[in-house]
Amino acid sequence: MGGWAIAVHGGAGVDPKLPEERQEEARRVLRRCLGVGAVALRAGRPAVDVVEMVVRELETDPVFNSGRGSALTQEGTVEMEASIMDGRGRRCGAVSGLTTVKNPVSLARLVMDRSPHSYLAFHGAEDFAREQGVEVVDNSYFITDENVRMLKLAKEANSIVYDYRVPVPSADTCSSSAGLVGATTDGGMQMNGLPISIYAPETVGCVAVDSGGWCAAATSTGGLMNKMSGRIGDSPLIGSGTYACGACAVSCTGEGEAIIRSTLARDVAALMEYKGLGLQEAVDYALKERLDEGKAGLIAVSRNGEVANGFNTVGMFRGCATEDGFMDVAIW
Amino acid sequence: MGWAIALHGGAGDIPLSLPAERRAPREATLRHCLELGVAALKANRPPLDVVELVVRELENSPCFNAGKGSVLTTNGTVEMEACIMDGNTKKCGAVSGLSTVVNAISLARLVMERTPHIYLAFDGAEAFAREQVKTMGVETAHSSHFITTENVERLKNAKEAKRVQIDYTQPIKGAIPSTKGDSQIGTVGCVAVDGHGILASATSTGGLVNKMVGRIGDTPIIGAGTYANSYCAVSATGKGESIIQATVARDVAALMEYKGLSLKEAAAYVIERTPKGNVGLVAVSANGEVTMPFNTTGMFRACATEDGYSEIGIWPSGINDDLEYPNK
């Protein structure tokens, strides 16, 4: 038993030209959230409470773009989603299509604890939020001027690379049958079909193991800029964006469709459980062998108090802390 | 090696006393759908087409809880969901919260093939369906097309018993007996492999009787109710919440891939580990094996392989064996 450990992320796929002051701001928020989690773990709070608490912090802080500042759909609206899983009993809750709930991760927790179901979406999820009396705000609370501008840019960019899964007929991409990142017509860096300068990571997540060795994971997102209304990504899907069991807890971020196809979070756990790999080995293997051409990153903790992360994108906002006093935040 | 196909019409607490007039139409539908799938495989149709074709047919049958015959939410509405996955490319598509689309499985396929996304739900999925009506012939219907009088009664019974029921009605303890002693209807699914080892899986459902509006089950979730890769294709049915937490479909494949188990061993392991009474699945492997395990009382199921084996069943083998018949 290695004591408690915690890791957080604020999304993978970072513009390498991100101004230094924005980087510093992100590091500051990651450090603050890790601190909140560390205090709770030290006080003996169960991992599932800690991941919810930390993801709430990340949702509420406008530096990362889940919750306030969420990505906009084609229609210019916000549709947020989240999930949480407690490795103890593998209980889970998820929500999609939220338009007014301030902290989606806490509604996911309520779905897990207080509904007969694991996953509620759209109107039904909003109704449930009202029944439960969670804090709701007008949809405009989540929409920032910057994101309205980003949506416009995304729409202009997407007039060239609209369907990034259909390989664009050019010499270097027509052989790419998986094609998820095939449409690199300008040779520029892309994420989720958008130029990296427009793309902003929209997902936050936290994984923790408490001093009892129980693991939990939570992930929350505004989704993808310029997504179709109704689009569900990997974040609320148990086994894709989020997973926790007796062995470990995992939260993923990146190109949702690639993460779903590779059931990335469950695969990290399955590699430990069925192939006997260690935590970091499992993370590396899943990223290398499972993602095909997709781009993603993930954080993970094991029941022994190990922490791991990995990504094949340009950067991932991340941080971790362990009981022995180690703390680290990084982007690149 | 060789082609193989398996399909299901839901797993659950199907009483052995299920009256013949309830049993016969379901067996007939299973047989008809199996024949349809076998003919398509023999005609060298791609497995992805075969599973879509078979699930469409199952959706169109009012006997099962998908498409026409979907069970009702607590508000008396239908919210259908479906998922399809191609094992070769791991491309997949899923839909939830459909209220007017006649064949949810075909819309899932269109999400896979004609959008940059994998999964669309509720209003957005309905809007997408409308866009595809003219170009791709997506058929829509008024919600009355989906709602059967049986399911209206089933909802009434469930509400009186104040419970959310799995997608087949269990006998309600100390309450009103369920409709004419049956209502064993369930999620539908199909898995297929062709002679080249190409695999595909598809699942479709109306969900749970008396479910909350907005509830999503295991069916549309890749790795839970539906999964296919180069090792196997899996479609699961039963209590959605248990299937999600056990990532049932992905785990069958992961046990083959990471632990080296055979299809039968992997499927049996997953079923055994999931709480009793909660899950059943059908699966085929790249080299043409089939397995259809369940830990519920029964599962409406059928399968056939290229070497001539065929089976249609409801309860564990050995019970009502007259249902199983050798195919030539």
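Here, residue 1 is simply the first one shown, and the rest follow in order.
Using the three backbone atoms N, Cα and C, a Cβ is placed for every residue, glycine included.
The DSSP secondary structure for A:THR203 (active site, nucleophile) is strand. According to TrEMBL, the feature active site, nucleophile maps to A:THR203.
Annotated substrate binding site per TrEMBL: A:ARG231, A:ILE232, A:GLY233, A:ASP234, A:THR253, A:GLY254, A:GLU255, A:GLY256, in sequence order. Non-local neighbourhood of A:THR253 (substrate binding site): A:HIS9, A:GLY11, A:ALA12, A:PRO201, A:THR203, A:VAL204, A:GLY205, A:THR219, A:THR221, A:SER235, A:GLY241, A:ALA296, A:GLY297, A:LEU298, A:MET316, each in the same chain, at least six residues away, with C-beta under 8 Å from its C-beta. Following the DSSP three-state reduction, the secondary structure of A:THR253 (substrate binding site) is strand.
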Of all listed binding-site residues, namely A:ILE232, A:ASP234, A:THR253, A:GLY254, A:GLU255, those lying near chain B with CB under 8 A: A:ILE232
Structural state of A:ASP234 (substrate binding site), classified by DSSP into three states: coil
